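Below: one structure, written as structure tokens.
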Amino acid sequence: MKKAENDDSETSRLLDAQNGSRHVQLETDSVPDVVTYGSVTDEHTEEVANNTETSTEEEGFSLRRASKRQILSFVSIALLNFSGFCYYSVIAPFFPNEAIKRGVSQTVVGFIFGCFAVVNFFANLVFGKYITAIGSRFLLTSGVFVAGSCSVLFGLLEYTEGTTFMVFCFTIRSIEALGVAGFQTAGTAILTHAFPNKVATVMGSLEIFTGLGLMAGPPIGGVLYDLGGFKTPFITMGLLLLCCCVFVTVLIPPQPDEQEGKTDMPLLVFFKLPGFLIACGLAVVVACMLDYMDPVLQPYLIKEFNTSPVHIGLLFLLWAAVYAVLAPGWGWLADKKKCVPVMVTLGMLVAAVGTLLLGPSPLLTDYLHILPRKLWVNIIALVVIAASCGALITPIVNMMLWAASDAGMENNFALYGVVSGVMNAFFSIGDLLGPLASSALADRFGFPWSSTAFGGLVLFYMLITMAFYIYDGCLTPTRDRRVVSTDGERQTLLA
């Protein structure tokens, strides 16, 4: 008996010594901290040496409990989000008509908008891959500076006509897309690193400022255009972005990638991960669903219901307000890994219903005779779509990070940069394809059928997502058994 007790005490001393050496290594070596995304924790990550990992349920997302670095990062990116989306939406009320007056065809106007998305796609991928080589803070501030300068230059195109106007529109919009891609990629990466345990909650809170920017942009643009003509909205918003550049340069703290140095993160590896590809596809589908209305909804409402431009503007304000109010709640839910499959699936189902109501779809009015073709149906549709968008947008970053983490990739700033760049890049694809497809479909079949087609797209991708989650759920027990087996072998060796 004594021998057994001695053996047990000896084993205990060896394990304590080994744990102690491991603690020393964590404190002294440059081993990355253990990070979990969202509030998902399992039995393998709950206990961490020296309490380096805090329970996400205890942390939460609260600026009152946040560090100075976190507060400055969030405030800076929130300011950029508001200014950037305000500028993004300020162009809508007047630019197409102004371009046509200067001898540019409607098709070329579409390409002027489209070239921004194409350049933005490739720039986001490049900036995401090389963010640690460029430096996230430099990429953020220089991107804002380039975007603001291009806005001012765009306003000066008031003094050009015809081919000159068209060429400079393409040139300035393309350079502007580089700047926007820079601060989009850097901003998302900085916030992901600042709040690794509450990524979706922070992104959802950030969408409040996105919604406010989208709400403020069109009326501001209309007022400035009435006051000073074509150049005034662009110069004003450009100067606002340049002021933001100064504030961000002062406020944003030094970032860890400045100490990490250059880290190469091959992009092709990510596109071999099924979960990552599902998140990329979701970004495209959501962007298509959001943007397909832009070129075709306003003419349809005016023609079909004789809706005034003021009332149409109020409808878009309602859409942005509903989205901004609900996005933080969706973000909080998206940080819970087990909730995301159900949330995304139901979100796509609700979004598809809203898209079918917009018009409404001839399937509901002419074939099933369920709904009348009235304006109030379209108002309900916009509210339904806005309410569901947060459920689809907020989990995308977490879905990508979880896929990379499951594949064993190291959690560092380079990973955050790639995820940020890829997400924004695929949003750009949807920003391009949505308006182009809806315009073509509306010209041929009318807006109600165009909206029906996008509702079908959302339903189709919902089925793909459901199939992936069922397949992934079947693989989870196998992965868990492998982890448990590995832990058992480790304990056997220690004994």
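Cβ atoms are placed via backbone N, Cα and C, with glycine included.
Over in TrEMBL, the protein carries these features:
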COMPBIAS  1-13  compositional bias 'Basic and acidic residues'
DOMAIN    267-495  domain 'Major facilitator superfamily (MFS) profile'
REGION    1-25  region 'Disordered'
TRANSMEM  71-95  transmembrane segment
TRANSMEM  107-126  transmembrane segment
TRANSMEM  138-157  transmembrane segment
TRANSMEM  177-196  transmembrane segment
TRANSMEM  208-228  transmembrane segment
TRANSMEM  234-252  transmembrane segment
TRANSMEM  273-292  transmembrane segment
TRANSMEM  312-333  transmembrane segment
TRANSMEM  340-359  transmembrane segment
TRANSMEM  379-401  transmembrane segment
TRANSMEM  413-433  transmembrane segment
TRANSMEM  453-471  transmembrane segment
Segment confidence, the domain 'Major facilitator superfamily (MFS) profile' (267-495), expressed as mean pLDDT: 83
Any chance the transmembrane segment (177-196) and the transmembrane segment (340-359) have 3 or more Cβ pairs under 8 A, given the pairs are 6 or more apart in sequence? no
The transmembrane segment (273-292): which same-chain residues, six or more beyond its ends, come within Cβ distance under 8 Å? 344, 348, 351, 355, 385, 389, 392-393, 396, 399-400, 402-404, 406-407, 422-423, 426-431, 433-435, 437-438, 450-451, 454, 457-458, 461, 464-465, 468, 472
Does the structure show the transmembrane segment (138-157) and the transmembrane segment (312-333) touching, where I'm treating 3 or more Cβ pairs under 8 angstroms (sequence separation 6 or more) as a contact? no
If you count every Cβ pair below 8 Å, which range out of 107-126, 208-228, 234-252, 379-401 shares the most with the transmembrane segment (71-95)? 208-228
Sequence-distant contacts of the transmembrane segment (208-228), meaning Cβ under 8 Å and at least 6 residues beyond its ends, amount to 78-79, 81-94, 236, 313, 316-317, 320-321, 323-325, 327-328
